[in-house]
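Down below is the structure, laid out as structure tokens.
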Amino acid sequence: VVKEKNRMGECPVWEERENALVYVDINSQKVCRWSPVTNEVQSVSVDARVGSVALRQCGGYVIALGTRFAFLDWDTQAVTTILELEQDKPNNRFNDGKVDPKGRFFAGTMAEETAPGVRARRQGALYTLFPDHSVIKQLDQLDISNGLDWSLDHRTFFHIDSLSYAVHAFSYDVHTGKIACPKLLYHLEKEEQMPDGMCIDAEGKLWVACIDGGRVIRIDPETGKRIQTVRLPTPRITSCCFGGKDYSEMYVTSAYDGLDEATLAKEPHAGEIFKITGLGVKGIPQNYYAA
């Protein structure tokens, strides 16, 4: 549905009040918004790689860029820093993020590659930004903090650390926002490659985007089993969310960065955004950052 190619399209969010899909292109340092009505993509350039975007209750967005949390005013394109983190780790940046059921913004960090396939290990962390702008560190020594979501009963937090090739479940206290007691939920099969972004559907099942696996997979958190696979026409599938007027459509982002010229020539859809219909299941609306 979006032919404008993204170097590293990520973090799609359906914004009901704008009837639009909001997402980031991490490596192009842009926050983007696509209208299915006009088919137009608008974007705001920012001064660092932007790992995630989420909706703000009072309008505009909260973003995680470089190693800081910030607000983005879409109309004025103004970016206002809330807090700087990890200033002792100049090679780190924020990656995926999402707002929890109580309006707190969870986002994690990762080390950038210093050469193709080379990165410092266990440099990432997962943080929670509260509505009063205070921050706590939830997890440490992560490689690539990635996809995240919450169970429908708000008792479980799901998280991906990509280089563990797995989805983990944590107990989650909705009142304090704290997570604890990690356990392995699903380990990816070889052909599924590496887990990236993730979302939950209205039946409480998880959808995981498989980067370099060219697919999204549906996992049942009760059994820890994969129950569905949807293949897409390009390998670097990065994230997914439900949207549309009744949340029955799935939007899937992809990337072309990381593909060599020979592969790119054979991958005309790399970096585009796709819509999957007919899944027979709906998603749930996104939470808003409560400040």
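Every residue gets a Cβ built from N, Cα and C, even glycine.
For reference, TrEMBL has these:
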ACT_SITE  Asp196  active site, proton donor/acceptor
BINDING   Glu10, Asn146, Asp196  divalent metal cation binding site
BINDING   Arg93, Asn95, Glu113  substrate binding site
DOMAIN    8-255  domain 'SMP-30/Gluconolactonase/LRE-like region'
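When the CA atoms are compared, the recorded positions lying within 10 A of Glu10 (divalent metal cation binding site) are Asn95, Asp196, out of the candidates Arg93, Asn95, Glu113, Asp196. Within 8 Å of the Cβ centroid of the substrate site, not counting the listed residues Arg93, Asn95, Glu113, the chain contributes Ile26, Arg49, Gly51, Asn92, Thr109, Met110, Ala111, Glu112, Arg119, Ile144.
The binding-site residues recorded for this entry are Arg93, Asn95, Glu113, Asn146, and the Cα of Asn146 lies nearest to that of the residue listed as 'active site, proton donor/acceptor'. The C-beta environment of Asn95 (substrate binding site), restricted to residues of the same chain at least 6 apart in sequence and closer than 8 Å, consists of Ile26, Gly51, Ser52, Ala64, Ala107, Gly108, Thr109, Met110, Gly124, Ile144, Ser145, Asn146. Here the domain 'SMP-30/Gluconolactonase/LRE-like region' (8-255) has a mean pLDDT of 97 out of 100.
Candidate recorded positions: Glu10, Glu113, Asp196. Fewest other C-beta atoms within 10 angstroms, Glu113. Maximum C-alpha to C-alpha distance over the listed substrate-binding residues Arg93, Asn95, Glu113 is 13 Å. Around the Cβ of Arg93 (substrate binding site), the same chain contributes Ala48, Arg49, Gly51, Leu65, Gly66, Thr67, Thr109, Met110, Glu112, each under 8 angstroms and 6 or more positions distant in sequence.
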